[in-house]
Amino acid sequence: MSSMGADNASGSRYSKLKGQSRDPAEDADESRGLLGAHLGAAGYRDEDEDEDSGYQPPPPSSSPLPTPTRSRWSVWPFGRRGRDTRNSSRTITFGEADRNRTRFPPNVVRNQKYNVVSFLPLVLYEQFKYFFNLYFLLVALSQFIPPLKIGFIATYIAPLAFVLFVTIGKEAIDDHARYKRDVESNSSPYETLVSGARLEPRRKKRDDRERQLTDGVSLIPKPSSKLRVGDLVLLHKNQRVPADMVLLRTTAGDHASTGPRRSLVAEETNFILGEDDEEEEGQAARPKGGKEDGPAEDEGGTCFVRTDQLDGETDWKLRVAVDLTQRMSEDELAKLEHRASVYAGPPIKDIHTFVGNLTIHPSPLEDVSRASLQDDTVVGDLIGTPEPSTLPKGRARDSAIKLSRQAQVAPLTAENVLWANTVLAAGSALGVVVYTGRETRAVMNTSHPSTKMGILDLEVNKLSKILCGVTFALSVGLVALNGFRGQWYIYIFRFLILFSSIIPISLRVNLDMGKTVYARQIMNDKEIPGTLVRTSTLPEELGRIEYLLSDKTGTLTQNEMELKKLHMGTMSYSWDSMDEVARQLAAAMEQQREAQQNQVGGAGGPGSPSTIKTNPMLAAGGMFGSRGRRDMSLRVKDVVMALALCHNVTPVDDSDGSITYQASSPDEVAIVRWTESVGLALTSRDRTSMSLRTLADGATHAFDILEVFPFTSESKRMGIVVRDRGTGELTFYQKGADVVMAKIVTQNDWLDEECGNMAREGLRTLVVGRKRLSEESWKAFERSYKAARVRVSGRNEAMAHAIDEHLERDLELLGLTGVEDKLQDDVRTTLELLRNAGVRVWMLTGDKIETATCIAISSKLVARNQYIHQVAKLKSVQEVREMLDFLRSKLDCCLVIDGESLQLSLDNHKTEFIELATQLTAVVACRCSPTQKADVARLIRGHTRKRVCCIGDGGNDVSMIQAADVGLGIEGKEGKQASLAADFSLTQFSHITKLVVWHGRNSYKRSAKLAQFVIHRGLIISVIQAVFSSIFYFAPIALYQGWLMVGYATVYTMAPVFSLVLDRDVSEDVALLYPELFKDIGRSLSAKTFTEWLIVSIYQGGAIMIMSLVVFEKEMINILSISFTALILNELIMVALEITTWHVYMILSEVVTLIIYCISITFLPEFFDLSFVLTTTFLWKTAVIVAVSSLPLYFIKLARATLAPPSYSKLAMS
């Protein structure tokens, strides 16, 4: 057995067996061992295999994967859905989409909350689960019981019916809108690729969009809801991805539906090879066209998708087609039925993780007996079809065809998958559906956060329960005073109904309408443009905030990165000396070019590519290696070259001819822009190559990208392996956080010190390293890495181990960069104002402790001359106790603690730590994970019972924002994810000042006053009823009935009372100038204020009823008209007394309401005797009653304002 072959640019390795005759049964057994697939000698599936299970090729050296079991349909209230496959992996065979109809859930988007049957029951349940509505439902239903009937039934049913009608109507409109969006999404047409074997006779319609590509292959239109797992779907530019799909093939331009398709070999290889070509063994064939700088440019294979509707990030994401299928045309892909299969793991929420394999089995129609072949190839973990350049002379074409007859396996990762609800940004793409419906990542990540209830709503609910107790006690008390005579239990229920206005049904309606007004005021504020209220039930919460937890990067800072410092051990360059870097780089490039020109001889001479490739002294400026210390310009060139290559940035041509950079992080773009500013620009990049241009001389440097190891929050580093096309040199570049890179680079005596120095300047540090690789070391890594990539279980761990073992050892330390992230505008004044308002600010960041401390000082999070206590790297419980003992004696300090020490403190002394930390004026937590941020927010809420607000701008802040009482999201450069998850969306941090100190304070004070006045309005009429019943022998008879009761809570008082939502005690300038006013807001709705209003209601109700009896005329109707008119006028005067700052709408509401009342008297003769009402007697008696009920309160308020004025009154007068 002999092995021959060579590595191509993509690093594929093949073994070739020849010269042996093998038995077909032995080949089948070997196929099972290598691929784990149940194949017969000819490549067919065994007859006894379960047809629904499909192919399930497990990874090498792993146990066979379980076949998904069959199960019955699950039943759900909105129709049929597939069996539960959420916890099982799957193997999807091409061409078996129809068979998967019952195996997996349908691809139906359903955002409706109700259907025709469930709408009314669910809406009614949602309404009557609240105490308010249930109470009034019982009161309304009691009127259908004759002994309990009091007055007109409409009096009790109409208010409740109105509230329900508004609510049901709103829900119906909202759900119908959701239904229309669902229909639009589910009916969106998509083209599916179908071969002739699956084509069914179809009646052609005038608008039928079926298109035949070639003989037996067609594009069949399907609505999104009809797509099934296993369908091949063709996507076009700006089309939404309908389901989770593995990307098989892409094209750079728009898809052409007609015309010839290039074959597998013709399309991808594009090489000039013949059977008699006398190329040297192992040397790559030159591309067609004569270029000598590398392989032909990749035509497609990558595409960009917009993911803002999935993860909120605005940057386009690069997706890569599977190597095996990118080389095929659509025709060839459609004909892979029953030969190709995709293994995919169980559906999970993580959009950054996908584990799977794609397997292409040999075609039975083209299979040739191995015994008839002179030599053959057995491929184990073959990844792709070999390039002809790697094959011996004269064997390229035949060997490529023979290799294609072997089963080929390609590993699949998240970069090979298009998630549902993303949008294809350019070109066209072909993919196979792997997850549908509820199993897509988009649906699994669509969570409905728990409804947040504001503190005002909780306080009002508490008061309502107290009022319910008052109502019951008053009812029982009146019956007791009558000695429980007669049907006393009936009388108790009748009194409960008479006093039901104590718990006003209009309270919740008024408060909800008030919240809508506050939300509109916030969004229409021109001084905080772009602010959105996403949760309209929480404006009052802004006025009760006592803790603010803030992210750093992008929240306090601008997230506009700029490289400010470059340190290389013996030399450091700051922002004002970057011209020197550019000069050194240009000099190094010039020296390298001149040296190569001087040393380059003829073909095969010392300067030929083959010589440079094998002579490290000539590679990448190596001719200067003879010096004891390399020239400084070469060191500058090395670090700039590393930064220009080690990134995930892609240049994109705009329509105006300019180039913009697309990347997942602003840090990456900042560094690439910096390399361009010093003379080395990124000009092009695809998945296999990258080109740089030296701006000084316009020279182009081309590199092949062999592997990319992207940055993750766990690894905190990224790396790339490239091959210089000019020299053939292999290099591994890596950059990352100092905490991880310090263990990877070679020993040095300056890295730790300089990292600390830069962090103290507020710079974000990045360590850059390099390792040159030999062909042997690269091949060893490649073998290990490919074996890890095809694993299904433990794939990530195996890949990390391969990288660590072969690459991340003794990297050459090239340099250290310092990137500045400037503070946002007005951050300092904002934090100082919040501190003066009594809000305790915590900063939770993933940055290092030195950088966070610097930002805390520069942003004024830490007060001037305030002591900063740093706690880092605590290892034992004893050290935690010592820290807590110190904090007890120093509660005026600022605590700066790292994530490791924070976790240790929470694990061992959670209660004690939170109790002390919440008393500090400021806390800075560094190296915090997203989970830690959310845990801290929950702990503060649970321990203090105070309102906690969290603000952030990135996806890592979402969990913290959702854990807070109030979540604020900044729509920043990291995307909209935090903004979409938040209750309020801002455009910059400084807007929080006006949002909290002005709008939040006003919203809470206004709603508190509105709630108390609505309760007062119900209490006073109930007191009048109680006095009337007591005087008339405790009879449960209604004094006011019918339209008087309906009008009292609506047209006669509603507009003036609701106008209180426009009141303000101080001007905006005063509120922002004296933020200390924010501290007093908690007194607006308390037991004290409630007791005051209760006393006022009892006094005024008693005064109105008793005075009406004192001036009693001969007719009962006169008592009713006098008392009710006095009651209406009293309420209008009380509203006027409560107003601090008059608004034109307040005046109009008072005047218009009085006019409406006077006019309505003429239409209610059963309650008002016009002959009596139009006399002066009626007027003076009413005036006396109103004076007795309201003037004492006016004098009390005047005395209080004079003798003990509130703080806002003093400031307003000053």
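Numbers run from 1 along the shown chain.
From the backbone N, Cα and C atoms, a Cβ is placed for every residue, glycine too.
TrEMBL lists 1-13 with the feature compositional bias 'Polar residues'.
TrEMBL lists 1-90 (among others) with the feature region 'Disordered'.
The compositional bias 'Low complexity' annotation in TrEMBL covers 33-43 (among others).
According to TrEMBL, the feature compositional bias 'Pro residues' maps to 56-67.
According to TrEMBL, the domain 'P-type ATPase N-terminal' annotation covers 97-149.
Sequence annotations record features per position, and here TrEMBL assigns transmembrane segment to 128-145 (among others). Outside the transmembrane segment (128-145) by six or more residues, the chain places 153, 156-157, 159-160, 163-164, 461, 464-465, 468, 493, 496-497, 500, 503, 505, 507-508 with a CB less than 8 A from a CB of the stretch.
Annotation comment: TrEMBL describes 151-169 (among others) as transmembrane segment. Residues of the same chain lying 6 or more positions beyond the ends of the transmembrane segment (151-169) and with a Cβ under 8 Å from any Cβ of it are 120, 123-124, 127, 133, 136-137, 139-140, 143-144, 497, 500, 505-506, 508-509, 1038, 1041-1042, 1045-1046, 1049.
Under the heading region 'Disordered', TrEMBL lists 190-217 (among others).
The region 'Disordered' annotation in TrEMBL covers 272-305 (among others).
Residues 131-132, 135, 488, 491-493, 495-496, 499-500, 502-503, 507, 1011, 1015, 1019, 1022, 1026, 1029-1030, 1033-1034, 1036, 1090 of the same chain lie 6 or more positions beyond the ends of the transmembrane segment (463-482) yet place their CB under 8 Å from a CB of it. According to TrEMBL, the feature transmembrane segment maps to 463-482 (among others).
What TrEMBL records for 488-507 (among others) is transmembrane segment.
Taken from TrEMBL, the feature active site, 4-aspartylphosphate intermediate covers ASP551. The secondary structure of ASP551 (active site, 4-aspartylphosphate intermediate), as reduced to three states from DSSP, is coil rather than helix or strand.
Its Cβ taken as reference, ASP551 (active site, 4-aspartylphosphate intermediate) is surrounded by 28 other Cβ atoms within 10 Å in the chains shown. The feature ATP binding site is assigned by TrEMBL to ASP551, LYS552, THR553, GLU668, PHE711, LYS735, ARG764, THR845, GLY846, ASP847, ARG927, LYS933, ASN956, ASP957.
The annotation compositional bias 'Low complexity' is assigned in TrEMBL to 587-597 (among others).
What TrEMBL lists as region 'Disordered' is 587-619 (among others).
Positions annotated as domain 'P-type ATPase C-terminal' by TrEMBL: 980-1205.
Rounded to a whole number, the distance between the Cα atoms of ASP551 (active site, 4-aspartylphosphate intermediate) and ARG764 (ATP binding site) is 15 Å. In this structure the C-alpha atoms belonging to ARG927 (ATP binding site) and ASP551 (active site, 4-aspartylphosphate intermediate) are separated by 11 Å.
Under 8 Å from some Cβ of the transmembrane segment (1117-1137) lie the Cβ atoms of residues 1013, 1016-1017, 1020-1021, 1024, 1039-1040, 1044, 1048, 1052-1053, 1056-1057, 1059-1060, 1100, 1104-1105, 1107-1109, 1111, 1146, 1150, 1153-1154, 1157, 1167-1169, 1172-1173, 1178, 1181-1182, 1185-1186, 1189-1190, 1193-1194, 1197, all in the same chain and six or more residues away from its ends. Sequence-remote contacts of a segment are chain residues at least 6 beyond its ends whose Cβ falls under 8 Å from one of its Cβ atoms, and for the transmembrane segment (1144-1164) they are 1043-1044, 1047, 1051-1053, 1055-1056, 1058-1059, 1062-1063, 1125, 1128, 1132, 1135-1136, 1170, 1173. For the domain 'P-type ATPase C-terminal' (980-1205), the predicted model reports an average pLDDT of 90. Listed binding-site residues: THR553, PHE711, ARG764, GLY846. The one with the lowest count of other Cβ atoms within 10 Å of its Cβ is PHE711. DSSP assigns ARG764 (ATP binding site) to a strand in the three-state reduction. Looking at which of 1040-1062, 1093-1111, 1170-1196 has the most CB pairs under 8 Å to the transmembrane segment (1014-1034), the answer is the stretch 1093-1111. Within 10 Å of the C-beta of ASN956 (ATP binding site) there are 20 other C-beta atoms, taking all protein chains into account. Residues 1012, 1015-1016, 1019-1024, 1026-1028, 1031, 1119, 1122-1123, 1126-1127, 1130, 1134, 1181, 1184-1185, 1188-1190, 1192-1193 of the same chain lie 6+ residues outside the transmembrane segment (1093-1111) yet bring a C-beta within less than 8 angstroms of a C-beta in it.
Below 8 angstroms of C-beta separation, residues 1096, 1099-1100, 1103-1104, 1107-1108, 1111, 1113, 1115, 1117-1118, 1121-1123, 1125-1126, 1129-1130, 1133-1134, 1137, 1161-1162 of the same chain, each at least six residues beyond the ends of the transmembrane segment (1170-1196), sit close to that stretch.
Residues of the same chain lying 6 or more positions beyond the ends of the transmembrane segment (1040-1062) and with a Cβ under 8 Å from any Cβ of it are 150-152, 154-155, 158-159, 501, 504-506, 510, 513-514, 517-518, 1006-1007, 1009-1010, 1013-1014, 1017-1018, 1021, 1025, 1120, 1124, 1127-1128, 1131-1132, 1135, 1138-1139, 1143, 1145-1146, 1149-1150, 1152-1153, 1156-1157, 1160, 1164, 1166-1167. Binding residues for ATP (ASP551, LYS552, THR553, GLU668, PHE711, LYS735, ARG764, THR845, GLY846, ASP847, ARG927, LYS933, ASN956, ASP957) extend across at most 26 Å, taking the greatest CA-CA distance.
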